[in-house]
Amino acid sequence: MAREAEKDAAAAAEIPLLTPYKMGRFELSHRVVLAPLTRNRSYGNVPRPHAVLYYTQRATSGGLLVTEATGVSDTAQGYPDTPGIWTQQQVEAWKPIVDAVHRKGALFICQLWHVGRVSTNEYQPDGQAPISSTDRQITPDDSGIVYSKPRRLRTEEIPQIIDDFRRAARNAIEAGFDGVEIHGAHGYLLEQFMKDSANDRSDEYGGSLENRCRFVVEVIDAIVAEVGAHRVGIRLSPFIDYMDCVDSDPVALGSYMVQQLNKHPGFLYCHMVEPRMAIVEGRRKITHGLLPFRKLFNGTFIAAGGYDREEGNKVIADGYADLVAYGRHFLANPDLPKRFAINAPLNKYNRSTFYIQDPVVGYTDYPFLDEKDEGAATYA
């Protein structure tokens, strides 16, 4: 066993993604992070026992996992069977999942989410309109999904939404999570306030960059006050244009938000999504669009956005990121750190099973490497 451990350590030393890292108060054994991935298998918005297997398959000692996006209230939902953390039933359902991940020695972060206008009346309490920064509907696209016309939040209603995030963070800590990640990305409620294409308000939550970011800053402040900056991270995507949500100056937006994070000493991490990958000589290439934010942020910086093993190793070696979040590759390869250790081929993901409600197919049935393979490092 000692010889195996020495072999693993030697292998990791040559692979930047597999080197240890200290994130705040947490000691990580490698830098491969499970990105938050919506899986639509929490029937009735309650996490189910099959999630124990899904997450523990991807848990390694000293690894970092982020949950699928988890609703903060009954107005936060926009997709079928996504989990929540606003009721005691949901909190109790998360506890055995968190315990199982911890038994594998991994760290577990709960991503807190409100979809805003990315919803339809059928997902809303009493069939009401989804809430947003605006009353403008998302423009229908080729997907065939038509989101309902939203209702613009009144200024006096916003403190209640902030409190929903605060209570959800408290619930996450009660459920045993090591911390929370605020979902401030991909066109959902917080981005609907931040980005000027979706925010047409004339109150203190609209207009200037500072005003548009006020809502998310107040959410951050409330959660930090509730659970401590050392337990709070955030995901941001200033360059992304999902759900009719785009900003005319993404660098200014991202820079302003990072400066707000720096006001909280010990803030756990900033998790950012890359701009679209460039294609150079037939290969996807990182554009390094996140570099200004990396330089500005005082804490742990996580990069996400279509990385493979080679690019992940490069950005760690170059100091462009501290950690790299993997989504589809980790979904299809529950032993992804082990595969990276020996440069093993990866299972191909099946996009058609990403969002089905089956508790096994496309969820917990992706194969592991042969455990008897003599070359396999023991990231398990």
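Heads up, residue numbers simply count up from 1 along the chain you see.
In case you wondered, yes, glycine gets a Cβ from its N, Cα and C as well.
The active site, proton donor annotation in Swiss-Prot covers Tyr188. Residues annotated as FMN binding site in Swiss-Prot, with similarity to another entry given as evidence: Pro36, Leu37, Thr38, Ala69, Gln111, Arg235, Gly306, Gly327, Arg328. What Swiss-Prot lists as substrate binding site is His183, Gly184, Ala185, His186, Arg276.
Taking the C-alpha atom of Arg276 (substrate binding site) as reference, the shortest distance to any of the recorded positions Thr38, Tyr188, Gly306 belongs to Gly306. Of all the recorded positions listed here (His183, Gly184, Ala185, His186, Tyr188), His183 has the Cα closest to the Cα of Gln111 (FMN binding site). Considering only the binding-site residues Thr38, Gln111, the Cβ with the fewest other Cβ atoms within 10 Å is that of Thr38.
The binding-site residues under consideration are Pro36, Gly184, Gly306. Their Cβ neighbour counts within 10 Å are lowest for Gly306. The record assigns His183, Gly184, Ala185, His186, Arg276 to the substrate binding site, and the maximum Cα to Cα distance across that set is 19 Å. Among the binding-site residues Pro36, Thr38, Arg328, the residue whose Cα lies closest in space to that of His183 (substrate binding site) is Pro36.
Secondary structure from DSSP puts Ala185 (substrate binding site) in coil. Comparing Gly184 (substrate binding site) with Gly306 (FMN binding site), their Cα atoms are 19 Å apart once rounded. Put simply, Tyr188 (active site, proton donor) is 14 Å from Pro36 (FMN binding site) when counted between their Cα atoms. Using a 10 Å Cα-Cα cut-off around Ala185 (substrate binding site), the binding-site residues Thr38, Gly306, Arg328 reduce to an empty set. For the binding-site residues given as His183, His186, Arg276, Arg328, the lowest number of other CB atoms within 10 Å of the residue's CB is seen at Arg276. For the pair the residue listed as 'active site, proton donor' and Gly306 (FMN binding site), the Cα-Cα distance reads 20 Å.
Checked against His186 (substrate binding site), the binding-site residues Thr38, Gly306, Arg328 differ in C-alpha distance, with Thr38 being the nearest.
Neighbour density for Tyr188 (active site, proton donor): within 10 A of its CB lie 24 other CB atoms from the protein chains shown. Our reading of the FMN binding annotation (Pro36, Leu37, Thr38, Ala69, Gln111, Arg235, Gly306, Gly327, Arg328) yields a largest Cα to Cα distance of 20 angstrom.
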